[in-house]
Structure formats: structure tokens, C-alpha cells
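These features come from TrEMBL:
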DOMAIN    A:18-320  domain 'Class II Histidinyl-tRNA synthetase (HisRS)-like catalytic core'
BINDING   A:Asp89, A:Met90, A:Thr91, A:Gln133, A:Glu137, A:Arg273  L-histidine binding site
There are 2 protein chains.
Amino acid sequence: MIHDSIINPEKIVTLPIGFRDILSPHADAEAKMIDVIMSIAISHGYMRVKPTLVEFENTLFNGPGLAISEQVFRLIDPISQHMIGLRADMTTQAARIASTIMIDAPRPVRLCYAGEVLLTTTNQLNPERELVQIGAELIGNSTADADAEVILLAIESLHTVGVKSISLDIMIPALVPLVLADMRLPAEIFSAVRQAINQKDIATVERLANSKSSVLVGLLKAFGPCEEAMRALSELELPDKARDFLVRPAEVIKLITNFEPNLSITVDPAENRGFEYHTGIAFSLFARGGRNEIGRGGRYQSDKDPKSTATGFTIYLERVLQILPKHQQTPTVYIPYGTPREQSMALRTRGQITIAGLTPVVDNYAEAKRMGCKSILLNGQTIDLSQY
Amino acid sequence: MIHDSIINPEKIVTLPIGFRDILSPHADAEAKMIDVIMSIAISHGYMRVKPTLVEFENTLFNGPGLAISEQVFRLIDPISQHMIGLRADMTTQAARIASTIMIDAPRPVRLCYAGEVLLTTTNQLNPERELVQIGAELIGNSTADADAEVILLAIESLHTVGVKSISLDIMIPALVPLVLADMRLPAEIFSAVRQAINQKDIATVERLANSKSSVLVGLLKAFGPCEEAMRALSELELPDKARDFLVRPAEVIKLITNFEPNLSITVDPAENRGFEYHTGIAFSLFARGGRNEIGRGGRYQSDKDPKSTATGFTIYLERVLQILPKHQQTPTVYIPYGTPREQSMALRTRGQITIAGLTPVVDNYAEAKRMGCKSILLNGQTIDLSQY
């Protein structure tokens, strides 16, 4: 098998920025991870769907899809002469499937999926434009148990693929907009305050919002381990509507800690970047100590029907693979030319990888080494090559 | 789990012609088949690669890629402002990887891959524009053993996924052009003869090629079970260069019959449609009795370097799935609200699919049935619902 040292970086062809070929063993590791996570989701009753890679603009940008319309590669379909786009997100496709072809399926509908998404833009944090999205959605149930189910499913998935210690960050994206609306700030400072909150810039919030700033500053400071954060939040003088939004996180945290008592859970009530279409609690998943989000999700409205509330998660395959131990090439066995096929087949049946010699050679040992094999099959015996 | 009867065909959203969402259990069946075929190829030393979905035109249309350039969705990359295309074939991508980033890997290089390809055009025989291509390529070895290896690998793959009786059709796409070149037909009738051969129209070939027609007619008639066909071919008065092309099919047939004595093998020496870039033998695979090709492949030149001769196969996932027994939904077990998680986990560990109740209900049996479950977990016991 090829080793990274054999890859010739000078011979890489130019691909568009953000695109790259995935080679062995990384391609195997990707496929394996997708398979494991899908199997777990399926065992919990999530039905696997494979939405189309291409859609007409009107369905692609429908509902929550509008939020990422700028990221979509668009082109004209030569058959219909209409604009089509390459999917940049599969959550919205699962929601579309649930609310159209599967509208008559009993609620809640549980769906899972894995596939490539393509983005037009790139940034320093996310340099890739072709990514694998793995996700699951629970559509048509508004309970805290549903929120907890998808979070626990994401955590079970990450544990099973080998992520050791996971931390969960819970956000309440609707909270800040509600508090701000209630404050009736003058229009000229509203967006400046909003920006300062997004940047967690307490000094600017205090200066701009003045006497009204204490609740906002309280929200910004109520960040950290879930118990302290929830207590700090409960002590804030929040408007009633905003206070209602504190009930759900508390319920969900309780349900999750029942099953995962050692999970590190933080609450970040003022954070809402990237969760613009979320209507309930949202969450991010980190490998403890890591700075990069490895998964995220939350509750959103999957279409205009108020009954179609949904909650789901996305796992970022590439980021999970980055933090796991590097996938090793499986050692291979060289099969000299003319070896009866039954002998090599017996090795493959036992999980070994065989490399068949296609021509007679003078020195089978040398040929096996040239092909990068760790052993050779001679007279029905596997001989380790490291001693030669 | 959803049943086909639950799908509401009136609510299907309009997708571009040739595109469709794949639902459960078909999406599971696809993923399973990809996994099985990749595992078999990997066990034979084929390294899995995942080429990028998008490339610049100049690499996409390089070498054998030119033959399908008309089928490629093209658009402008907003970052580079250059034309990019969505892959319509992965064979050429594997060849590109072997001859660039993997140029220093020991030859032969064995690669395998599975992924979506997108086509701009559609026809009655192939109505889909988004297809899954599964394939393997053996690059840098010109022997008959290499040809036989990929054919046997394709057959092993199809057997393992459940295709019962397979038939192999061997073609020699370079034969007709060689014979025609040797005949030095007048330019005005050359293309008409070529077309008549493609249509297997013996009468027209006889009328046009006149006294020179006997070899051409002989090629057209030498079609059928491999022994008879090879004998008929050997009796034709072929030019020496063309005669050389008969050696390889005979060798490959011998190697294949050694391992697959019961395989039905036919030879079709005059067929070359769709094999324009093939330089050696080409082949099609059929499920016996079926009319649709389920796989194909052959020998080609993977780049300009004469040493980079390659042979490989492609399996058409959708066509294989069509001839297999329909994938059944796995029965599901309803888990009433409040059941300890350990109990449902025990079922999942044993391979069962559980559907968790997210709210307390008055009648758990009715709720289990509404959710389409076949059984219910009560007091640690799984109870079959068919009697209720």
C-alpha cells in the first residue's frame, strides 16, 4: 500500500481552491466513519435518505435554505434552461423530503444522511469547499426529549468513532433578539449594540446601552459550566418572554446528564452566530481541549407549518478525522505469480489484503518489498519480510 | 419505518429531469453495496481514493476525459474565475491521480472508488443524470493476468452482492478500425460501412464493401459463445496486425475459465460503441437473461506515457440494485416513554431498530402501531404487535 512518503507533492495537479483528492487510507477512514455513524442513527429509527446533489433554485433556497444561498454554486440546466444549484447543506434537503414526499409518514419523522456539500466561498477557518456532511433530523416533535435525543445521538456517534472526551456547549439564539426587542433601543445604536454582543465586547455594550446595559452584560457574563450559567441567568431581570426560553435548556441539560453524567456541558446564552434559522436551543460539540467545533445542531422550523418543528445535528467529518489518531495502512501480503487462487482467497477471507504478482519474477522477496508488502505467501505459508 | 405505501407521490417536489431523492430502504441498500464492493477491492490490494467532485476543465477533459466532455455540467468558479466542471466519470480521475500525485507509487497501482457522477444529458436507456459509479483500476501492467484480475474482481463483487448468474461479453474495439484501415476503402463509403458495422447490418456491409466485404461480414458473424466465436475469428483472413489482437482475448478467456468454469462468456468482436478510448480488450457484464449492462470495463491508455496502460471496471449501482430482490425495511421496536435507556440499548446492541416514544401516551400499543412498529418493549419484554 502507498505511504504518505510516496506521495509526490510536486506532481499534484492544480484543483480549484478548496478541493482536493482524498487518497488511501484517508478515504477508507471517511467511509468507515460515515458507515458507523449512519448505523447508529439507523438503530435509533432514523431512516437513511440520499437527497439529490442538484436542485432547482426555488426548492434549494426555500425556508432555512435561504440563509446559505450565497454559498451555492449555481448554473443553468441545459435541459430545462432553469437555474439549478449544487447543495451546500443537507439539513434543508432532509426537511424538504419530510415536508413533501414523506408528508404522510407518521410524526415524528427521523431521517439521517451523509454526503458531499459544496460551497462557493472559503475562509481561513474553513478552507474546504467540498465537505462531507453527516447528520440526523427529528421532525415533528417539540419536546425536550426530542432535543435531548438528537444531542445524545450525536454524542453516541462521536464516542463510537473514537472521540474520547466531548464537551457540549448549549446556546439560546433567540434570547438576545428578544431582550433587545424588549429594550426598545434607539434605531441608531441598535445594530452597534448587536455587533458588540456578537463580539462579546462588554465595555462597548455598557457604553452604548448605558443604563439599560445590565441585562445584556448579565447575558454575556452568564457563560460557562451549565449549573453556574443557568443560575446566573435565572437571577437576571429578563422580560417574561425571554424567561420562558430558560425552561427548555434546563430540561434538556437534566435529560442529558441522566445518561451522560460525566459530560462537560457549558451554556453560552448570548451566542447566536451561525444559528440564524434556529428557533429553540442550539448546540456545538467540541472534543475537550479542542478549539474547533466538530458538530453542531439545534431546533429550527423546517417549513412554514407550525407543526413542523425539527431538531437535528450535523457532524463535520473532516474535523473529527483530524483529531483522531491517524488511520494506518493495513499491511499487505505479496502473492507470487502462479500461486493457486484458493491460497490467497483464504488470506482475504481472514481479513488480509493481498497483492497479486502479475508476472513471474526472479526474486519474489525483492518484488514483494518493491510493492511495499510486509509479508509474502510462499508454499502456503505467510513469511514476514521484516527479517529480509 | 416508512413503507412505500406511505410515500405521497403527489407531494414530490419538482427536481430537474434525471435527479431524484433516494429514500430508505433504497439509500441503505446503495450504501451497503458500495461498502461490500469496496471491501472486496481493498482485500485485493486496491487502494480506495475519493477524487474531488469538481475540477478545472483542463484536467477534467484531459486524455480519456475528452470523450465525455459534452456530458459535463460546466460553470464558472467564483474564486478563480475559471471554468470548472462536475465529474461525469471517475475512471479518468483515478488515472489522473495515478499519473500525478501517485506517480512515484510502485507499479502496478491498484485504485478503487465509489461516488456520484453527474451528466448533462439523458436518454431513454439511461434516464438518470446523477448516478453512482463504482470502479477499480489496475494501472501500469499490460499482461493478460491484469486483464483477467479486474474481470474476476468485477465478477466476485457482483456475486457477493447477490447477482446470481453473470455473463461476460468480451469485445475487441480496436479490431474493426484495424481491418477497415487495411482495406483502404474509398473515403466516400468508409463512414457508411463503419455505420453499417455498428448497426450490425450485414446486408448493407455486403452491398457497400462489395468484394472486400467477406472479412467484415465474418467479424459480424463471429459473435456468440467464446469457443465458437474465437474459432470463427481464427479462420478469417485478417491482416497480421489484426490477428495479433486475437491472442489476448484467448489468453484472458483461459485465465478466467480456470477460476470461473461455469461463467457464460461470449465474444462480440465487431462491437465498439462506448469503448472509443479502449486500446485492448473491453468487456460488458450482464445478469444472465437481463438485457441491461450492469458493468463494463477494459484496457485503455491512462495518459500519454506508453507505460501507463491501464485496465479497470465500472459497476452501475442502480442497475445492479434493480435486478436484486427488493431491500426490505427492518422491523422496528417501539420504546414507550420513560423506558430505561439501558433496555433499548440492549436491543440496539443485538441489531434491532428502536423507535423512542417522546411523550407519555394513553395507549402505547396504538402509538407503536401508528409509528409503524412491529413490536413493543414493555417491562423488559419485546411483544409482537401482529396479534393486537
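Including glycine, each Cβ sits where the backbone N, Cα and C put it.
DSSP gives A:Asp89 (L-histidine binding site) a coil state; it is part of no helix or strand. In this entry, A:Asp89, A:Met90, A:Thr91, A:Gln133, A:Glu137, A:Arg273 make up the residues listed for L-histidine, with the farthest two CA atoms of the set 21 Å from each other. The Cβ of A:Met90 (L-histidine binding site) lies under 8 Å from the Cβ of A:Pro51, A:Tyr113, A:Gly115, A:Val117, A:Gln133, A:Gly135, each of which sits 6+ residues away along the same chain. Sequence-distant neighbours of A:Glu137 (L-histidine binding site): residues of the same chain at least 6 apart with a C-beta under 8 Å from its C-beta are A:Thr91, A:Ala94, A:Ala95, A:Ala98, A:Arg110, A:Leu111, A:Cys112, A:Val150, A:Ser302, A:Ala310, A:Thr311, A:Gly312. Neighbour counts were taken at the CB atom with a 10 A radius for the binding-site residues A:Asp89, A:Arg273; the maximum falls on A:Asp89. Neighbour density at the Cβ, taken as the number of other Cβ atoms within 10 Å, is lowest among the binding-site residues A:Thr91, A:Gln133 for A:Gln133.
When pLDDT is averaged over the domain 'Class II Histidinyl-tRNA synthetase (HisRS)-like catalytic core' (A:18-320), the result is 92. In this structure, A:Arg273 (L-histidine binding site) belongs to neither helix nor strand by DSSP; it is coil.
In the three-state DSSP scheme, A:Gln133 (L-histidine binding site) falls into the strand class.
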